[in-house]
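Annotated features in TrEMBL:
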BINDING   R8, H9, G10, V11, T12, A13, W14, N15, R62, E86, E87, H88, Y89  substrate binding site
ACT_SITE  H9  active site, tele-phosphohistidine intermediate
ACT_SITE  E86  active site, proton donor/acceptor
Amino acid sequence: MVEVWLIRHGVTAWNVDRRWQGHSDIPLNKEGRQQAANVAAHMLRVHATTPFDRQLCSDLSRARGTAESVGKMLSLPVELDARFREEHYGLLEGHTTDEIKNCPILAAVHQARSEGPLAPNDPGESRQEGLDRAALALQFIAETFHHAKRIAVFTHGGFILNCFRHLGGYPAAYPVVKENKCPKIANTSISILKVESANDSHVWTAEQWGSTPHRQSRE
């Protein structure tokens, strides 16, 4: 059985402004770097009992910066992989939720992400495409790292929520946090999954979603 930690990146300036980031490459801010140091200290304590074997990471800088802070503590290299990126929000990136709601053009783009099809000039992903990518990423983990004991994946809030939807059988556009099905996935929160693989079959179970023990002790 492999234990898989899904860790959301630390906070960025766009998180503070509530701007949709998606594939926009926004770095950690000062608070985000401190959050990364805090989660690194927590993971080092865990690493002392059952070590992490690998560190996988979205190739976006906010996830990479978080992973590198942990990697220095654990003496583990960071393995970048674009399949762990945030959903691609396309034309919505850089805008706040209020801006999207109050602009008819952006509101239509937002609706198209859930209902399709995307506009030809929108480079983003539909909600379903984001969900499908998360499902394939989990399959990749199960098939590739079945000999590991524990791995860490540094990723994004939307990606983690899509993992929750996939494992829970929820539709791509279902608001799992708003409907109290899943806790909020805060910056540097930890979601822990386990996967048992046998005869090309993979059984996933969730131990926790969105836990922040390292933040609660400091806030």
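Yeah, the Cβs are placed from backbone N, Cα and C, and that goes for glycine too.
When the Cα atoms are compared, T12 (substrate binding site) and the residue listed as 'active site, proton donor/acceptor' turn out to be 14 Å apart. Taken residue by residue with DSSP, the residue listed as 'active site, tele-phosphohistidine intermediate' is part of neither helix nor strand, so it is coil.
Inclusion criterion for the binding-site residues R62, E87, Y89: a C-alpha placed within 10 angstroms of the C-alpha of H9 (active site, tele-phosphohistidine intermediate); this criterion is met by R62. Rounded to the nearest whole angstrom, the C-alpha distance between E86 (active site, proton donor/acceptor) and W14 (substrate binding site) is 14.
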